[in-house]
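Undergrad: First the structure, then my questions, so here it is.
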Amino acid sequence: MDLYEGLISRRTIHRFRTDPVPDDIIRLMLSAAIQAPNHHLTQPWRFVVIRGQSLQELANYRYEVALDKAQRQNRPHAERIAEQARTEFAMLSVVVAVIQVLADDPYRQQEDYAAVSCATYAMMLAAWSQGVGTYWGTGAITRYPPVLKLCQVADNERIVALVRVGYPKEIPHVPRMAAEDKTLWLT
Ligand SMILES: Cc1cc2nc3c(=O)[nH]c(=O)nc-3n(C[C@H](O)[C@H](O)[C@H](O)COP(=O)(O)O)c2cc1C
């Protein structure tokens, strides 16, 4: 797959097959991630590859976070919603936590967040080049203390993305507005 084709065809995958993604593909994704542009070469990222028993633990934390949210929203069938959230994670092959090491300076933090986002996207595109799908997830689970503990996130760090990784069961179509409608050409 050439780079442009990968950029155009990549989609967030919501439904994954259960067959495992080889560690070599995860390594290839991480190698791509660390090539992301980053100002002053701060390389402000860290990655945690979550598999096996740790992934089951993460799935249980997802249940707790989803249950809390559904109950606070007074949603009927809160437990069923939370159970579904758990199963979604429990069935995955791998989740990669992308962590930003937070600089003291707020402006540097903002630039570093951009760099970590680039790294996350590079990782996703590298996966896509190997026929592997990803899903960049955020939300309350990225701040949930047991998840921070599981990923050994220090006080000067934060989770920028929990990237689900697996072979796609289906690839959704997600339309975009035309680039021309978003662009001002100056002469
Ligand atoms: C910073 C960031 C956070 C995201 N967090 C979530 C999320 O928590 N849940 C979710 O369903 N999608 C999340 N996404 C994925 C977007 O929803 C997705 O990229 C968008 O729907 C467009 O789909 P596509 O990636 O297939 O083009 C996130 C994407 C980014 C860049």
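One is the number of the first residue shown, and numbering goes on along the chain from there.
Here the Cβ of each residue, glycine as well, is placed from N, Cα and C on the backbone.
Automated prediction, rather than curation, is the source of TrEMBL annotations.
On a predicted model such as this, the values are computed, not experimentally measured, just so you know.
The FMN binding site annotation in TrEMBL covers Arg10, Arg11, Thr12, His39, Trp136, Gly137, Thr138. What TrEMBL records for 9-167 is domain 'Nitroreductase'.
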Undergrad: I'd like to know which of the binding-site residues Thr12, Thr138 has the most other Cβ atoms within 10 Å of its Cβ.
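TA: The residue with the densest Cβ neighbourhood is Thr12.
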Undergrad: For the domain 'Nitroreductase' (9-167), would you mind checking the mean pLDDT of the predicted model?
TA: 98
Undergrad: In sequence order, what residues of the same chain, 6+ apart, have a Cβ less than 8 Å from the Cβ of His39 (FMN binding site)?
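TA: The answer is Glu111, Asp112, Ala115.
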Undergrad: In this structure, which of the binding-site residues Arg10, Arg11 has the fewest other Cβ atoms within 10 Å of its Cβ?
TA: Arg11
Undergrad: Could you find out if DSSP has His39 (FMN binding site) as helix, strand or coil?
TA: helix
Undergrad: List the residues of the same chain that sit at least 6 positions away from Trp136 (FMN binding site) in sequence and have their Cβ under 8 Å from its Cβ, in sequence order, or write 'none'.
TA: Thr12, Thr120, Met124, Ala161, Val163
Undergrad: Ten-angstrom check, please: count other Cβ atoms within 10 Å of the Cβ of Gly137 (FMN binding site), all chains counted.
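TA: Step by step: centre on the Cβ of Gly137 (FMN binding site), count other Cβ atoms within 10 Å, giving 17.
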